[in-house]
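Report on one structure; see the data block that follows.
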Amino acid sequence: MLSEPEVAPLHGGFKEGWVWVPDEKEGYLAGWVAKEGINNERVVEGEIIMAAGAKVKTMPFHALSQMNSTELDRVENIGELEFLNEASVAHSLKLRYASGEMYTYSGLCLISINPYIDLPLYTDDIIQEYRGKRCDQNPPHIFAVAELAWVNLVETGESQSIVLTGESGAGKTENTMQAVQYLVSITTRPVNTAVPATGGFEPSNVQHQGTFLTGKENSTINTTSILPLKLKEQLLQANIILEAFGNARTARNENSSRFSKLVRVAFTKNGSFVGVYVDWYMLEKSRVVARSEIEQNFHVFYMLLEGEGWRDTLLLQAGTQEYEYLKKPQEIDGVDHRQKWHLLKNALDIVGFTFDEQLDLFRVMAAILHIGNIDIFSDRAAQAQIKSNVALENTCKLLGISPQSFSQSILRPRVFTSQVWITLTRTRQQAIEDLNALCKTIYEKVFGFLMERINRALDGPKFNSSFIGVLDITGFEMDRINGFEQLCINYTNERIQQFFNHHTFVVEREEYMRESVEWPFVDFGIDLQPTIELIGATGNNGHTGILTCLDEEFVRLGATDTTFTSKLHAMWALTAPKEEKLVHISQSKYTPAQFSKGFIIQHYAGRVEYQTDGWLVKNKDLPNDDIIRVMVKSNNQFVSDLFLGLVGVGGLEVQNTVAFGNMKEQFVKRPFTAVCKRVCRTRFLAPKI
């Protein structure tokens with residue numbers, strides 16, 4: 001521990017003493033300011049003796065950060081630091097993390113650093129410790145945030161939000177479920193405490209007991225509801241199902257959520273539990289057919305291959321190398337998929353899926369693997385043909401469709417136009433794109449079916465109720481190779497960050513107004529608007545964003561990934577950044593990629609390079625109309641129902657959509673309609689280990 005000697009004021013604004021010195025490897029290192037001086041450029045600098053190795057460095061004072069006294073090293077709220085600079089915050093978080101303290105407050109925001117090990121932080125005993133307590137009566141915890149949200153809901157009668165943000169692998173999904181479990185637990189059992197809860201860090205008249213004190217004399221409200229243990233178990237098992245179908249192994253996370261979700265925990269006006277509803281956004285369905293070499297498909301496919309007693313029924317063989325959608329240069333070890341399979345089957349049973357529903361579910365999942373193995377080649381006329389193979393037969397058996405009709409819809413689809421049917425020919429690439437689009441559509445529809453059945457099991461009585469929404473957004477991604485999916489994810493995170501920038505300072509302004517303190521309000525949410533418009537502008541203001549441009553190119557005859565990228569460069573790139581006047585402020589956020597087909601965007605989290613190879617194909621959301629009509633005619637009612645909603649009037653017209661057009665409502669509007677005025681924010685970090 002660094003000692004605190006006598007200090008003397010220095011001209012540079014520091015005191016003679018300990019400071020943080022920037023370091024490329026460690027971030028910051030401790031150093032001692034021995035003396036000051038002014039260099040030839042009239043910059044005040046100091047002679048620094050480094051704590052490690054006693055080396056001497058000469059640094060300008062503006063590059064240094066003041067160090068707090070040692071008694072503030074591990075404060076529970078970094079807002080209490082005397083010197084609130086980046087180095088001091090990082091140092092405090094690092095010390096807390098090293099001592100097993102993964103949670104820290106920053107004002108009313110909770111910061112969490114993923115420990116990557118199981119810690120005894122979520123037991124029933126700890127739930128009881130946080131129940132009915134103010135935030136400052138216990139160490140920082142996700143339970144304290146959930147408690148705060150519940151108290152605010154009961155005190156104000158308004159719905160609340162807990163929003164979890166952070167990079168992939170930072171622990172958002174685990175904490176989402178812990179927050180939900182806490183809310184369910186505290187409102188479905190009595191508590192032996194009468195300690196006031198809080199709407200913040202100040203005392204409140206709300207108490208957790210068998211009754212709820214409203215603050216009105218002789219007024220009590222029951223806050224506990226009788227909840228069958230079966231429903232609590234279903235909540236736990238539902239998470240296993242969602243992980244199997246919605247999670248995958250990525251370069252940074254062995255169990256990465258590839259979708260975003262909003263878990264609504266509903267309550268009566270007096271705070272009694274009603275039920276749970278899960279809404280979902282942005283499923284990365286393209287992962288079904290393509291992903292980088294070091295990543296895997298969704299977990300459920302690997303579980304299927306270990307399904308004892310089911311492989312014969314599903315016409316499957318063991319081994320991922322047998323399937324195009326699963327094979328990799330080398331298999332990734334370390335996961336017991338057979339055990340995971342048994343856990344998934346048990347979870348489906350507990351949540352209430354019948355045997356027939358499970359059979360239908362696994363049939364279509366197996367069909368996806370067989371579709372990926374259908375061998376398509378080009379004949380001499382460059383037209384697509386299908387080799388007679390087992391994969392086609394197995395696909396049709398599992399989906400309950402005619403092999404002849406299915407083959408025809410792939411190779412020679414019929415289109416109804418101008419009151420007449422026209423038969424088209426397809427190239428090999430077009431046929432493959434249709435099959436990939438079919439698999440993505442099947443997976444998305446099945447995922448929607450799963451969510452509907454889970455919600456049916458978890459949802460409570462239907463009447464007007466408030467809710468606490470726990471929003472788990474897919475984290476910002478900045479990988480070695482970034483594509484269409486990363487742009488959509490990062491666009492959502494950009495908008496969430498803008499929302500919080502605005503919300504934080506609006507709340508701050510309201511506090512200043514209550515205290516009659518004059519303060520020039522600055523809306524820092526505006527700072528992110530150029531990047532948001534660059535990606536999502538619809539053209540209404542005369543400028544077309546990247547995603548809208550992609551939709552336009554998708555329907556343009558002869559468009560390719562190259563023409564799409566060139567169009568973006570023409571609209572947004574600056575040919576002479578130092579001299580040319582900005583036509584639109586968003587141009588400052590866009591740079592053409594130098595050595596690849598793509599572009600670079602300056603996000604709030606850093607510069608991200610996106611490669612545009614395959615974007616037009618990925619933007620295709622549905623297979624051709626004829627394939628959909630074949631699916632609707634399936635003799636398997638489950639398969640037919642999956643596609644029925646895609647058929648228009650008379651069964652002829654099919655709803656034709658593209659990926660961004662279909663996702664726009666999800667990641668532009670829906671999450672934000674669920675984020676209420678009262679928000680508890682949590683920020684999750686993945687340590688660099």
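Yeah, the Cβs are placed from backbone N, Cα and C, and that goes for glycine too.
What TrEMBL records for G166, E167, S168, G169, A170, G171, K172, T173 is ATP binding site. Under the heading domain 'Myosin motor', TrEMBL lists 73-689.
Note on T173 (ATP binding site): other Cβ atoms within 10 Å of its Cβ, all shown chains, come to 24. One way to see the shell of the ATP site is to take the Cβ centroid of G166, E167, S168, G169, A170, G171, K172, T173; the remaining same-chain residues with a Cβ within 8 Å of it are N114, N253, G475, F684, A686. Residues within less than 8 Å, Cβ to Cβ, of G169 (ATP binding site) and separated from it by at least 6 positions along the same chain comprise N114, R252, N253, S256, G475, A686.
Within 10 Å of the C-beta of G166 (ATP binding site) we count 22 further C-beta atoms, all protein chains included. Following the DSSP three-state reduction, the secondary structure of G166 (ATP binding site) is strand. Secondary structure at T173 (ATP binding site), as computed by DSSP, is helix. Every protein chain considered, the tally of other Cβ atoms within 10 Å of the Cβ of K172 (ATP binding site) stands at 26. There are 23 other CB atoms within 10 A of the CB of A170 (ATP binding site), with all protein chains counted. Neighbours of G171 (ATP binding site), defined as other CB atoms within 10 A of its CB across all chains, total 23.
Residues within less than 8 Å, Cβ to Cβ, of S168 (ATP binding site) and separated from it by at least 6 positions along the same chain comprise T250, R252, N253, S256, T474, G475, F476, E477, A686. Counting only residues at least six positions away in the same chain, the Cβ atoms of R252, G475, F476, E477, M478, F684, L685, A686 sit under 8 Å from the Cβ of E167 (ATP binding site).
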